[in-house]
Amino acid sequence: MAHQPYRFPQARIPERGSGVFRLTVRNAMARHDSEMKEECLREDLKFYFMSPCEKYRARCQIPWKLGLQILKIVMVTTQLVRFGLSNQLVVAFKEDNTVAFKHLFLKGYSGTDEDDYSCSVYTQEDAYESIFFAINQYHQLKDITLGTLGYGENEDNRIGLKVCKQHYKKGTMFPSNETLNIDNDIELDCVHLDLQDLSKDPPDWKNSSFFRLEFYRLLQVEISFHLKGIDLQTIHSRELPDCYVFQNTIIFDNKAHSGKIKIYFDSDATIEECKDLNIFGSTQKNTQYVLVFDAFVIVICLASLILCTRSIVLALRLRKRFLNFFLEKYKRPVCDTDQWKFINGWYVLVIISDLMTIIGSILKMEIKAKNLTNYDLCSILLGTSTLLVWVGVIRYLGYFQAYNVLILTMQASLPKVLRFCACAGMIYLGYTFCGWIVLGPYHDKFENLNTVAECLFSLVNGDDMFATFAQIQQKSILVWLFSRLYLYSFISLFIYMILSLFIALITDSYDTIKKFQQNGFPETDLQEFLKECSSKEEYQKESSAFLSCICCRRRKRSDDHLIPIN
């Protein structure tokens, strides 16, 4: 029997139409779809993390969104400058009127305030003369003032002066016998003097019992009145004038009973809507042009707000895609650092700035039309928004390695600096409380907590050191010695140790960033995922088939839900 050679079994190819064949094809298609999905995600991520210049080269489209931000910077700054010049007129008018009122109503005012009060009197005769002088000046205001002033109604809707005095209920005092008998309940008596009362001849109001002051019981005398004025200097700037109400208060303070009555003058100016303005010329047209400009600023900021919000929404969608893919493929979540990279802080900054600019511009338009008078709120909104706009310019400089050091150093050192400041702040607060309670009676800069904190902060920066040492009163040797120990220890501790450590933290972060720029930054999961394909430079030089997918072409509208647009 002839020997038959052994034949190896051949692989059986599934017949077309069989279940095994369909399963093999389905697995191949699923594997192909998964690879295509991964490649598409990688391309979208690379496109998202490109700089504007790289995106411009990839899409061959003019970066009109960047142009919108540049236009917004120019317009917001122009708007702020115009509003600042207008606000200067308001501040100057208020300050000039306050100085004029002090000269008009304070007898013997020298033009310079004495400490925190305007002037002072030391005799009963001078006190009476100062009170009667203010009342007479109010009566003769229209004949003596140089300004456009008129009488205004007070809280009781009455025109005139309101004079109030505070004094202890009753008491007797004999300092020579060291005897005091007093009821410390405070009584308040007020009298209203209208223009008819002030016009009487002879002025019988001076002889009323109200003005017979018992100075040993007297705490203070307060004279309050309202005046109205119109700021005409705005017309020279082709703006509508403002109408003001000045709430003036003169206080004769005798609470210390030290033989010195301090006289305080306070003027609170509020802007009200003028009831009837008839101004002819170019002022009305100029106001309309400014309102149109402000409206255009609102439109620009609204467009910027919508685009940045859209970019954040698209970035969150891309982040969700990446998180789901990473969890599905690698069976673990993405680290927090990579997740936060999808939240562009510059977009959040722009959105906040746009919101503040829109609200501030609306208030500015209402102020310009004399429907609102809240200059302070408008100034805060426009000033802060302009600050954020100019800070946002750093974003574009950050794409260059030479200018990116500041941003990276701030990001790296901020957590360390905050923790360090929290510890140093405890020591700073300790010195603040100690200086206030010990040196407060002997040094002007330590009279209250706010002043102490400001003084110590100046010392940390090396400012006004000799004056702080020299102004300490030497009435108590013990306190004088304590002040030297206190100041020397604070300056030595904060300047030579704490401030040096603070600078060392920032320097260490700066050195770390410089090394990373030379040797490469530590790679995260996101960077390793993007590194699996070619780098950005190779990505822009690949075959035309690959470029046709993502480079030098406009993406379809249907793809906008995939790619966040800067």
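Placement of Cβ uses the backbone N, Cα and C atoms for every residue, glycine included.
The feature domain 'Mucolipin extracytosolic' is assigned by TrEMBL to 90-275.
According to TrEMBL, the feature domain 'Polycystin cation channel PKD1/PKD2' maps to 378-513.
Here TrEMBL flags 289-316 (among others) as transmembrane segment.
Annotated transmembrane segment per TrEMBL: 346-363 (among others), in sequence order.
Annotation comment: TrEMBL describes 375-397 (among others) as transmembrane segment.
TrEMBL lists 417-439 (among others) with the feature transmembrane segment.
A Cβ distance under 8 Å defines the sequence-distant neighbours of the transmembrane segment (485-506), meaning residues of its chain 6+ beyond its ends; these are 409, 413, 416-417, 420-421, 424, 427-428, 431, 434-435, 438-439, 456, 459-460, 462, 465, 468-469. TrEMBL lists 485-506 (among others) with the feature transmembrane segment.
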Counting only residues 6+ away from its ends, which parts of the chain sit with a Cβ under 8 Å from the transmembrane segment (289-316)?
48, 65, 68-69, 71-72, 75-76, 78-79, 82, 342-344, 347-348, 350-351, 353-355, 357-358, 361-362, 364-365, 368-369, 560-566
How does the domain 'Polycystin cation channel PKD1/PKD2' (378-513) divide up by DSSP, counting helix, then strand, then coil residues?
115 helix, 0 strand, 21 coil
For the transmembrane segment (346-363), sequence-distant contacts whose Cβ falls under 8 Å of one of its Cβ atoms, 6 or more beyond its ends:
69, 76, 79, 294-295, 297-298, 301-302, 304-305, 308-309, 311-312, 372, 374, 377-378, 381-382, 384-386, 388-389, 391-392, 395
